[in-house]
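Novice: Handing you this structure, nothing more for now.
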Amino acid sequence: METILAIGIGVFAGAGVWLLLRPRTFQVIIGLSLLGYAVNLFIFAMGRLRVSAPPILEKGMVGDPVAFDDPLPQALVLTAIVIGFAMTALFLVVVMAARGRTGTDHVDGRED
Amino acid sequence: MFDELLILALVVLPFAGSLITSVLPRSARNAASLTAAAVTLSATLITILLYPATVAGGALVFEAAWLPSVGLNFTLRVDGLAWLFAFLVSGIGALVVLYARYYIASEDPAPRFFALLLAFMGAMMGVVLSGNLILLVFFWELTSLFSFFLIGYWHHNPGARDGAKMALTVTAAGGLCLFVGALLIGGIVGSYDLSVVLAAGDTIKASPLYLPALILVLLGAFTKSAQFPFHFWLPHAMAAPTPVSAYLHSATMVKAGVFLLARLWPVLAGTNEWFYLVVPAGLATLVLGAYLAIFQNDLKGLLAYSTISHLGLITLLLGLGSPLAAVAAVFHILNHAIFKASLFMAAGIIDHETGTRDLRKLSGLFRYMPFTGSLAMVAAAAMAGVPLLNGFLSKEMFFAEAVANHTGSLLDDSLPYFATLAGIFSVAYSLRFIYGTFFGPAPTDLPRIPHEPPRWMRFPIELLVVICLLIGILPGWTVGPLLADAARAAVGAALPYYSLAVWHGFTLPLLMSVIALAGGVVLYLSLRPYLAVGRDDPPLMQGVKGQRIFDNVMLTLSWKWARALEQMLGTRRLQVQLRLVVGAAVLAGFLPLVFRGAASVGSKPVTPAEPAFILLWAIGLACALGAAYQAKFHRLAALVLTGGAGLVTCVTFIWLSAPDLALTQLLVEIVTTVLILLGLRWLPKRIASEDDLKPSGAVLARRFRDLVLAIMVGIGLSVFAYAVMTRPLPETVSRFFVERAYVEGGGTNIVNVILVDFRGFDTFGEITVLCVVALTVFAMLRRFRPASDSEAAPEQQRLQNAYDDKAPDRKVGDTLTDYLLIPQLVMRWLFPVIIVFAIYVFLRGHDQPGGGFAAGIVLSIAFVLQYMASGVRGAEADLRVLPLRWMGLGLLMAGLTGAGAFVFGYPFLTSHTRYVSLPVIGDIPVASALPFDLGVFSLVVGATVLILIALAHQSLRGSRGERVPGDQ
């Protein structure tokens, strides 16, 4: 599973970076999303992979870290998802505004 | 203690007065000038009150801790020298305020003028009273700043704007040098405290850093006091209102430079470096300024160059390094301030009453204003150094010092000749000022018929001229003690013997004075034909203009070189920049792989892969690669494929024990897709062209480069991820969270407890970011018109609308409504269901996957569905969402919950928890984290809905192409 996830992260990130370097704004948005998935999965993977061990306690229990998946990267990724959403929204609006004002969807605001 | 508070009042009072004056209405000329008068008069009074203590105690110090850790205290210090300057600043300030009351026209904004003038006065007081070098530099720069504002007071006048800019550029650049110089001195001495610095003269002179520190300090002083070659800004500063010229640019601010030289005289002067740096600068300024003054056609220009020349004289005296010369310098500072301020005021009166200050137009004014004329004549005679006036005494001392031997060098030996030459010039320009203005034939074509000014406008000149006379006739009784105190403080040791008498017998200096007076008269008479032509530039120096040189330097520095640099090193193309960033990241990432062997496989056994997981990721990879491939021409396909990749991510989270992440990811995925779909229609249509199908070699090369970069990033991340995942997890801070999540946080969902409790502050910041983003989106789209649609309406919609149009009983859009009837009904019915679900997700959040953020998005999806079902108008007819209030309420609630902890004496966001039993529902956790989470929930609903609505509303607006006339 580690191998597969590692490859998956790499491919997502590669596809994301490729799109990020393209000249059209829409490509950049999609690229950011893909790169965002890759980075979130990467951070998440830093807590190592566990199957069927969600970090949810029984009531009244002092948790034992060995029994659960690491909750810290999860909390970080949760934050990252939210910020990623905000960034996508803002970027989309900037794209729309740039398109409206410059008449092009090139990232530089003009065709070359 | 009382005296020390008085010192503080001297600095604080003007600033307070400035503040009060600045809020007065524009037309409140009298109120503003009265406030300013009250402030300046009280400052003068306070200064006088301080005199006995200054004389008795040597130096009086007020100290307040400011940044003691870096040796920076708010120290004010009054000794004889500072006292003399404070007296000049406050006394002449009071006279200038009185004068300005009549000078400033009623249509000018008087409060702004007086507010700036008072603020300048405060800054100048700060300079002269500072007991700390850093503080001194701070006030020094403040004076430059207020001088800038005051020169540019008539900002509709381009000359004023340019003059202000030039003055600020030159003096502030000098201030920067001075700052570094002060830091160097502070570094050498080990303290910035002036008393300590003044006592450390030998240490400073012995230090290897003495020369750099000296040069930097001199740069500061020379720019401020308009010494050659930095003198050119002062004549351009004459675009300021005349009270400003009288106050800042003759009596006080330009004296700051020589004040500094006098202040640091005991620690910097007396060396060869000092002599050979200061004396030539002062000498050049003295002679050049006096020479140029003769040929000015503008009254104020003449006075400005004369000021430059006199400042050069003072600098030269200080540069000589002998205590006697320093006494003469201090004496001349005082005398020059008195006669030059009165001359400026006289020039201002002439300008005010005749409408011009051009010497070519003025003549014979004596018959109209005999009183002002007589006063100006006395002051000009003082400037020329006529006996029985104050200027004569200090000039005599200057001549005596010029004759005296200092270093025995050629420069030293030539001083008497240059001094006499400058004396001749100064007599000539004084004569020109008086004769050209007041005598000769009656003036023709003046803009106004001149007459005497108002009684009180003349009073400051009268007072100053009386002082000129008093000092000139009875120097020992009037100015003797003050001068002795000031000079003693400047020299820092016992004073040598000097005599202030008017008559010293037949001496060499007297002979020089006589030569100067006679030579000046002869020079003026012989130059009259040349002057009558009214050329703008003096003989021998035609074509040399400081302003042109300055402008060229500025142009080269700030435009030509900057542009060249930008073209050499910069780019405005985002792709290039991003490529560099990614390239640098790849390099930085691969370095540890290569040098530290970080890419090795770890010892932790890998989890066996299940076939379903393999299949899942096969789909995921296909989606990602497909999206990358399709994003250029098939946006919708790319969006769908990205959604696929997102879902794979989501399933992976569930699979690997992260239900919270999966839930959030899924919800965010939905909203993001809707968002992008809404925006998609305004992107331009893209059809593959010939170029796209057969890309050129350059394009292929660029793509290849990007592909290599992308593959490098992918491989790098894969290798890192694998390397980390195959190593066992070390002990981390996670243990803390896992162990205490329930015991202290009161929740079983550890991730949620971390977010709303342990790291609640992060979450607070995060929702604030969300809030800011939503507001930005709202603000950007509020008055925005989108580009025109990239596609015409689809075939089906056109047919439907045409059908509606034809039928008499149908409106356009009815068919669409009919078509959507059942989905619409379903979506409407879903509304309450989704709300309940959102509440459910919210309430279980502390113990089970869910929480405020997920619930917020669920609820916003409910709103989105209503918009989709009924259209923007339809949805808003039934439903009024006020997203801004949701957001505000949410942020407030989260903040207040956090602040609630203060009430119980705990830090921000400390939480409290307990369970409450409710009928039917059972035990629910009531932690203080709950209202916090509720705030998160409310804010997320508001922000998401605000963004979506802002985008949706764009479809209601006409595009930019079809703008309604007059609608801006």
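Every residue gets a Cβ built from N, Cα and C, even glycine.
In case it helps, TrEMBL gives these features for our protein:
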| type | residues | note |
| --- | --- | --- |
| DOMAIN | B:67-114 | domain 'NADH-Ubiquinone oxidoreductase (complex I) chain 5 N-terminal' |
| DOMAIN | B:130-408 | domain 'NADH:quinone oxidoreductase/Mrp antiporter transmembrane' |
| DOMAIN | B:620-685 | domain 'MrpA C-terminal/MbhD' |
| DOMAIN | B:702-798 | domain 'MrpA C-terminal/MbhE' |
| DOMAIN | B:822-945 | domain 'Na+/H+ antiporter MnhB subunit-related protein' |
| TRANSMEM | B:6-24 | transmembrane segment |
| TRANSMEM | B:81-100 | transmembrane segment |
| TRANSMEM | B:209-234 | transmembrane segment |
| TRANSMEM | B:274-295 | transmembrane segment |
| TRANSMEM | B:456-477 | transmembrane segment |
| TRANSMEM | B:497-525 | transmembrane segment |
| TRANSMEM | B:578-599 | transmembrane segment |
| TRANSMEM | B:611-629 | transmembrane segment |
| TRANSMEM | B:636-656 | transmembrane segment |
| TRANSMEM | B:704-725 | transmembrane segment |
| TRANSMEM | B:763-781 | transmembrane segment |
| TRANSMEM | B:825-843 | transmembrane segment |
Novice: To what whole number does the mean pLDDT across the domain 'MrpA C-terminal/MbhE' (B:702-798) round?
Specialist: 87
Novice: How do the residues of the domain 'Na+/H+ antiporter MnhB subunit-related protein' (B:822-945) split into helix, strand and coil according to DSSP?
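Specialist: Going through the domain 'Na+/H+ antiporter MnhB subunit-related protein' (B:822-945) residue by residue, I get 88 helix, 12 strand, 24 coil.
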Novice: By a Cβ-Cβ criterion of under 8 Å, what residues six or more beyond either terminus of the transmembrane segment (B:81-100) are in contact with it?
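Specialist: Same-chain contacts beyond the flanks: 10, 33, 36-37, 40-41, 43-44, 46-48, 50-51, 54, 113-114, 117, 121, 124-125, 128-129, 241, 243, 246-247, 251-252, 255, 259, 262-263, 330, 333-334, 337, 341, 345, 348, 456-457, 459-460, 463-464, 482-483, 485-487, 489-490.
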Novice: Which residues of the same chain, at least 6 past either end of the transmembrane segment (B:704-725), have a Cβ under 8 Å from a Cβ in it?
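Specialist: Residues 579, 582-583, 585-586, 589-590, 593, 598-602, 604, 606 contact the transmembrane segment (B:704-725) from elsewhere in the chain.
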Novice: Please tell me whether the transmembrane segment (B:497-525) and the transmembrane segment (B:578-599) touch - that is, whether there are at least 3 C-beta pairs under 8 Å between them, with each pair 6 or more apart in sequence.
Specialist: no
Novice: Mind checking which residues reach the transmembrane segment (B:825-843)? Cβ under 8 Å, same chain, six or more beyond either end.
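Specialist: Counting only partners 6 or more residues beyond its ends, the transmembrane segment (B:825-843) has Cβ contacts under 8 Å with 663, 850-852, 854-856, 858-859, 861-862, 865-866, 868-870, 924, 933-934, 937.
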Novice: In terms of Cβ proximity under 8 Å, which residues at least six beyond the ends of the transmembrane segment (B:274-295) contact it?
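Specialist: Same-chain contacts beyond the ends: 214-215, 218, 222, 226-228, 231, 261, 268, 302-303, 305-321, 406-407, 411, 415, 418-419, 421-422, 425-426, 428-429, 432, 523-524, 527, 531, 535, 537-539, 541.
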Novice: The domain 'MrpA C-terminal/MbhE' (B:702-798) vs the domain 'Na+/H+ antiporter MnhB subunit-related protein' (B:822-945): three or more C-beta pairs under 8 Å (separation of 6 or more)?
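Specialist: Taking Cβ pairs at least 6 residues apart, the domain 'Na+/H+ antiporter MnhB subunit-related protein' (B:822-945) and the domain 'MrpA C-terminal/MbhE' (B:702-798) are in contact, with 3 or more under 8 Å.
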Novice: Do any residues of this chain, six or more beyond the ends of the transmembrane segment (B:578-599), have a C-beta under 8 angstroms from a C-beta of it, and if so which?
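Specialist: Residues 705-706, 709, 712-713, 716, 719-720, 723 contact the transmembrane segment (B:578-599) from elsewhere in the chain.
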Novice: Pull the DSSP breakdown for the domain 'MrpA C-terminal/MbhD' (B:620-685) and write it out as helix, strand, coil residue counts.
Specialist: 54 helix, 0 strand, 12 coil
